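Going by TrEMBL, these are the annotated features:
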COMPBIAS  1-10  compositional bias 'Basic residues'
COMPBIAS  21-31  compositional bias 'Basic and acidic residues'
REGION    1-31  region 'Disordered'
TRANSMEM  41-66  transmembrane segment
TRANSMEM  179-197  transmembrane segment
TRANSMEM  217-235  transmembrane segment
TRANSMEM  242-258  transmembrane segment
TRANSMEM  264-281  transmembrane segment
TRANSMEM  312-329  transmembrane segment
TRANSMEM  341-362  transmembrane segment
TRANSMEM  416-442  transmembrane segment
TRANSMEM  463-481  transmembrane segment
TRANSMEM  487-509  transmembrane segment
TRANSMEM  521-540  transmembrane segment
Amino acid sequence: MTTVRQRRAGKGTEAAEDQPSEEKNVKPDGKILSDHTGGKLWNILSISVGGIVALSLGLLTSVYVATLHENDLWFSNIKEVEREISFRTECGLYYSYYKQMIQAASIQQGLHGLVYDNKTESVRTINILERMNVYQEVLLSILYRILPIQQYLEPVYFYIYTLFGLQAVYVIALYVTSWLLSGTWLSGLLAACWYITNRTDTTRVEFTIPLRENWALPFFAVQIAAITYLLRTHLQPVQERLTFTAVFIATFLFSLTWQFNQFMMLIQALALFILDCFDMLPTVKVTWLYIIQISALLLVCVLQFFNSMILGSLLISFNASVLIARTIQKNLKKGGLLNRLGKLILHVLLVLCLTLLINKFIKKSLNLESDEHIFKFLKAKFGFGATRDFDANLYLCEEAFGLLPLNTFSRLSDTLLFYVYIFVLFLMTVAAVIVAFQNLSGSNQVQFMEKMEEYTITLKPDAAYNLIHTVLFGCLALSTMRMKYLWTSHMCVFASFGLCSTEVWKLILKCIHLYTSQRTHAIKYSILIITLLYISYKFWPGIMDELSELREFYDPDTVELMNWIKSSTPNTAVFAGSMQLLAGVKLCTGRTLTNHPHYEDKNLRERTKQIYQIYAKRSPEDVYRILRSFGTDYVILEDSICYERRHSRGCRLRDLLDIANGHIMDGLGENEPDLKPSLYPRFCEEIKKNLPPYTIHFTRVFQNKTFHVYKLAKHK
């Protein structure tokens, strides 16, 4: 089991140029810049300073997470095998393809090895570029080979520094989004500070470096920043075209680097759909955003050799359905309140039915089943019936796919982020509901509009989009903990925007009849400065302590196993075991695997369930027959799985296998009535007794405190 241990000694005042408001040329002290040239110079100075601060914060964040990674593992001092083992589970699998491309005799041979891969899944040849999102590894390996850096930088450092560099892009994108929304770069400064001080809940890049989300989320943040700018009013045609291009590029890169892109963009499409229905976004821009999403996803589909999971995605079906429904219902946004509501309900039902029909037709036509495990998981998770499906239960029992823990909110509250977020969210939601009602009712009364003037902020499309975005991704994070990083980073943006927005404070002060321009700016900047001082005072010492804490990677059992495999088994040997461990086996030794952690393939899921019978109550003959059917030469058994205590009864891997096989689970507790005792003991326990029924098929060839490796006999 991989652990870390203590290291041993030895070895503002600004307004954005494009953000119109009646206080555009007001300084914090209330002095009016009457001279037009002076105002332009002030804006240029403000943008220059804000840009420098953004770049500085991005670079500092990159250095910060890189330092934490080094301090936690002593990465620069440990052996290559230890570095590779530190890329846990699927991270190791993805990095192995980068290593494979680096070690290939040529770029062409490396690409051929990926397109015709027969080492990732034994007795099968698969196309890695089709099955997995590894184009980033391919591009990095090519850059490393052609750039003159081999003498100065090891391949692994080129890889991890690229990921840490993307954190700079991530923070800058969050900073810019907050700046665009509020009109002040100080808002971006606060967003970046909150992102850093809430690092535990905003990113996990320093210990899961190659994970797909660490590649994708920076591009997603850039896309959100571009959409925020696109939804501003009074953009010139050239500005719109350039921004649409930026949105497309960011959407494409996001889609190319993460297999779950379609689900995230579906939520984004839902946000656009909701706002368009309530007439809070320009319809033309929304239409182009739908088209950009489809185009980016189809381009990725082509690059991934027409990956069937992309073609059958709900996103393509939903966006196509919206465009078709809008063509059918041309007068959707005309009429009174009741008329509009009736049309809206009909429109939603039409889009929903079309989405299901189109998606069903595509999946039936192409015989797609790649993502069925996700829908089984969702069905069971939200209480639509219990399931004995092994794959669905495997997800349900993982903490990462459970509900967001309550202690997350206490951590976010320590930095004041959650309190500010809830305050801003409440104000914006109430105002947005009122404006949506106004839009549906089609009221043009001057008196009503004058009363609504204080809610102008919610009429801005960019603010409205970010409101619905944070609500929908908040719901996703609350239901699935692993997705919290999509929400918490945007939470920093949304909270800082509300705290630093002139319009928000203007709204509040008008409600209590205390509004003046000077008072608005005084309160806004005072609270901002107090918040920044509080964060600095409370968290700066902790950050310094964290940076000074030195630890060391320590996993001698896994290192011993990998060294034994490299030195004592043939290069063509096929290994079976847990998905997580086998990813490390491929990276560290280059041996062929029976299964791996990239779970988005039905055949692989069925194969993994069969391989995992080594932890079930099955006869040695059955297990041997299953393993040999996949060409297995060696099987690795892990005590941490066989005698698992991390999960409670019913969620241990051996329990999931027992339930799927119709067997009673071990230990005290209830069992479902139709479960029956197995005729055989648990294989992973019984094989260690070296009884004749087992030794005839399996010979133990390696053992330490954690792992037991058995060689399979080759019977004629």
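Placed from the backbone N, Cα and C atoms, the Cβ positions cover glycine too.
All TrEMBL annotations are machine predictions without curation.
Computed from a predicted structure; not experimentally measured.
Long-range contacts of the transmembrane segment (312-329) within its own chain (CB-CB distance under 8 A, at least 6 residues past either end) are made by residues 262-263, 265-266, 269-270, 273, 287, 290-291, 293-294, 297-298, 343, 346-347, 350-352, 354-356, 358-359, 362-363, 366, 368, 370-371. Taking Cβ pairs closer than 8 Å, the transmembrane segment (341-362) reaches residues 273, 277, 311-312, 314, 316-318, 320-322, 324-325, 328-329, 331-332, 335, 368, 440 in its own chain, all 6 or more past its ends. Residues 21, 23, 170, 174, 177-178, 181-184, 186-188, 190-192, 194-195, 198, 201-203, 217, 221, 224, 412, 417-418, 420-421, 423-425, 427-428, 431, 454-457, 463, 466-467, 469-470, 473-474, 476-477, 515-516, 519-521, 523-524, 527-528, 531 of the same chain lie 6 or more positions beyond the ends of the transmembrane segment (487-509) yet place their CB under 8 Å from a CB of it. Residues 12-16, 19, 21, 46-47, 49-51, 53-54, 57-58, 61, 64, 171, 203, 225, 228-229, 232, 415, 417, 462-463, 466, 489, 491-493, 495-497, 499-502, 525, 528, 531-532, 535-536, 539, 543 of the same chain lie 6+ residues outside the transmembrane segment (179-197) yet bring a C-beta within less than 8 angstroms of a C-beta in it. Under the criterion of 3 or more C-beta pairs below 8 Å, with sequence separation of 6 or more, the transmembrane segment (264-281) and the transmembrane segment (463-481) qualify as touching. Sequence-distant residue pairs (6 or more apart) of the transmembrane segment (242-258) and the transmembrane segment (217-235) include at least 3 whose Cβ atoms are under 8 Å, placing the two stretches in contact.
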